[in-house]
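Let me begin by presenting the structure, written as structure tokens, before commenting on it.
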Amino acid sequence: MSATRANKDIFTLFDKKGQGAIAKDSLGDYLRAIGYNPTNQLVQDIINADSSLRDASSLTLDQITGLIEVNEKELDATTKAKTEDFVKAFQVFDKESTGKVSVGDLRYMLTGLGEKLTDAEVDELLKGVEVDSNGEIDYKKFIEDVLRQ
């Protein structure tokens, strides 16, 4: 049960107090930082499946590494999303098949559908996104940029 050097370095960034543990509610952010893309529900399910962690307030790197190993199949599946899977979702809002959606529609999708983001999270995500003169974005480019992060 050994974490990679990169995972240890990222863990250190999350362990702001240098106590060898991170807050349990930071697990999802940590998993995303090391390359997985779990939903909040999956993160909660992973924690709840381990009875020894349900009441814990923090997690050590060894505990997290163990959780990753036990849930490797589910976590790996979260990284398999392809651009085309997301494009299909955006096409529902692209009624004229232009490859673009309005910023308003994008904001609606991100704050109102699926795993909802807050307005502040959407604002952060939209920083640096190229918006054309009609107030629209190229959603394929947007998806690729987000998946690359």
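Think of each number as a place in line: the chain as shown, counted from 1.
In case you wondered, yes, glycine gets a Cβ from its N, Cα and C as well.
According to Swiss-Prot, the feature Ca(2+) 1 binding site maps to ASP15, an assignment based on a curator's inference. DSSP assigns ASP15 (Ca(2+) 1 binding site) to coil in the three-state reduction, placing it in neither a helix nor a strand.
Under the three-state DSSP scheme, LYS100 (Ca(2+) 2 binding site) falls in the strand class. Per Swiss-Prot, the feature Ca(2+) 2 binding site maps to ASP94, THR98, LYS100, ASP105.
The Cβ of ASP132 (Ca(2+) 3 binding site) has LYS100, ASP138 as same-chain neighbours under 8 Å, each 6 or more residues away in sequence. Classification of ASP132 (Ca(2+) 3 binding site) by DSSP places it in coil, neither helical nor stranded. Positions annotated as Ca(2+) 3 binding site by Swiss-Prot: ASP123, LYS127, ASP132.
For LYS116 (ubiquitin cross-link), the same-chain residues lying six or more positions away in sequence with a CB closer than 8 A to its CB are LEU110. Residues annotated as ubiquitin cross-link in Swiss-Prot: LYS116.
Mean model confidence of the domain 'EF-hand 1' (2-37) amounts to 88 (pLDDT, 0 to 100 scale). Among the features that Swiss-Prot reports, domain 'EF-hand 1' is placed at 2-37, with the record citing sequence analysis.
What Swiss-Prot records for 81-116 is domain 'EF-hand 2'. Long-range Cβ contacts of the domain 'EF-hand 2' (81-116) within its own chain (Cβ-Cβ under 8 Å, at least 6 residues beyond either end) map to 37, 39-41, 122, 125-126, 131-132, 134-140, 142-144, 147.
The domain 'EF-hand 3' annotation in Swiss-Prot covers 117-149 and rests on sequence analysis. Nonlocal intrachain contacts for the domain 'EF-hand 3' (117-149), taken as residues 6+ away from its ends with a CB within less than 8 angstroms of a stretch CB, comprise 81, 83, 86-87, 90, 94, 98-104, 106-107, 110-111.
Residue density at ASP123 (Ca(2+) 3 binding site): 11 other Cβ atoms are found within 10 A of its Cβ, drawing on all protein chains shown. Neighbour counts were taken at the CB atom with a 10 A radius for the binding-site residues LYS100, ASP105; the maximum falls on LYS100.
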